[in-house]
Amino acid sequence: MDFLMSGVAACGACVFTNPLEVVKTRMQLQGELQAPGTYQRHYRNVFHAFFTIGKVDGLAALQKGLGPALLYQFLMNGIRLGTYGLAESRGYLHTNEGTHSPVRSAAAGALAGVMGAYLGSPIYMVKTHLQAQAASEIAVGHQYKHQGMFQALTEIGQKHGLVGLWRGAVGGLPRVVIGSSTQLCTFSSIKDLLSQWEIFPPQSWKVALAAAMVSGVAIVVAMTPFDVASTRLYNQPTDTRGKGLMYRGILDALLQTARTEGFFGMYKGIGASYFRLGPHTILSLFFWDQLRSFYNTYAK
């Protein structure tokens, strides 16, 4: 039941935040491996990107990739949050005093994140391809021209096999390890602190909401460079064998980005990342916490 509730919670958040994921993806691909000031900026900021995409591609384009995004969230976060919740409910993450151990929470979050992300990697790759697709006048990054999720998965599988479907999976793991461990560690620790300080009534939904807000800030700062690199790894063009033509791996992507675009190139789209990850983290963790509380109350 933990896995089902976790997947449902993540999907609920995804419906609201997917347009921000589209904006974030395009801002991260804009000016790829080009020095600042040498390329046309189709998307100047989050709000301009929303306006531009809606105007040129149509309002429906703001929900591009929603199908694979929902499937990925259900698979990835169902496994990630479900596994973490199982470990938490059995007391593996607590100290002798009954509070969450930051080290154990971070380790459990990282391990759970790796399992979920690796399984869902082909879906995430196709989601990235679909969200990057745009009209030629505002296109950024490589354009794959997929017709949909199933067509894309079938085409990639036929051309490059399982290796092609899981291309970029290993390179995407540092993003998830850092993001998941930061998110779940800060969420659990802040919940403990708020409960100890008795700022809100015991078992109040405000505790989960406040902890999720803090967790959202932490995850964006820690994860954005790896998120930029991961997006580019998944979206890069490939040769006939399915091998990437621009980056050899996550470290190469980070180094090339920093060398060509500067330090802030690794933080491209951080505003969009927070507008997306902030609400997504808040909503998914809040829904997850409330569903678990409801289930535990009902089960008893």
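For all residues, glycine too, the Cβ spot is worked out from N, Cα and C.
Keep in mind it's a predicted model, so treat the numbers as computed, not measured.
For reference, Swiss-Prot has these:
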REPEAT    1-90  repeat 'Solcar 1'
REPEAT    100-193  repeat 'Solcar 2'
REPEAT    203-294  repeat 'Solcar 3'
TRANSMEM  38-58  transmembrane segment
TRANSMEM  59-79  transmembrane segment
TRANSMEM  91-119  transmembrane segment
TRANSMEM  169-190  transmembrane segment
TRANSMEM  205-225  transmembrane segment
TRANSMEM  277-300  transmembrane segment
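When Cβ-Cβ distances below 8 Å are used as the criterion, the transmembrane segment (205-225) is approached by residues 175, 178-179, 182-184, 186-188, 190-191, 194-195, 199, 254, 266-267, 269-270, 273-274, 277-283, 285-286, 289-290 of the same chain, each at least six residues removed from its ends.
On the 0 to 100 pLDDT scale, the repeat 'Solcar 2' (100-193) averages 91 in this prediction. Here the repeat 'Solcar 3' (203-294) is broken down by DSSP into helix, strand and coil counts: 73 helix, 2 strand, 17 coil.
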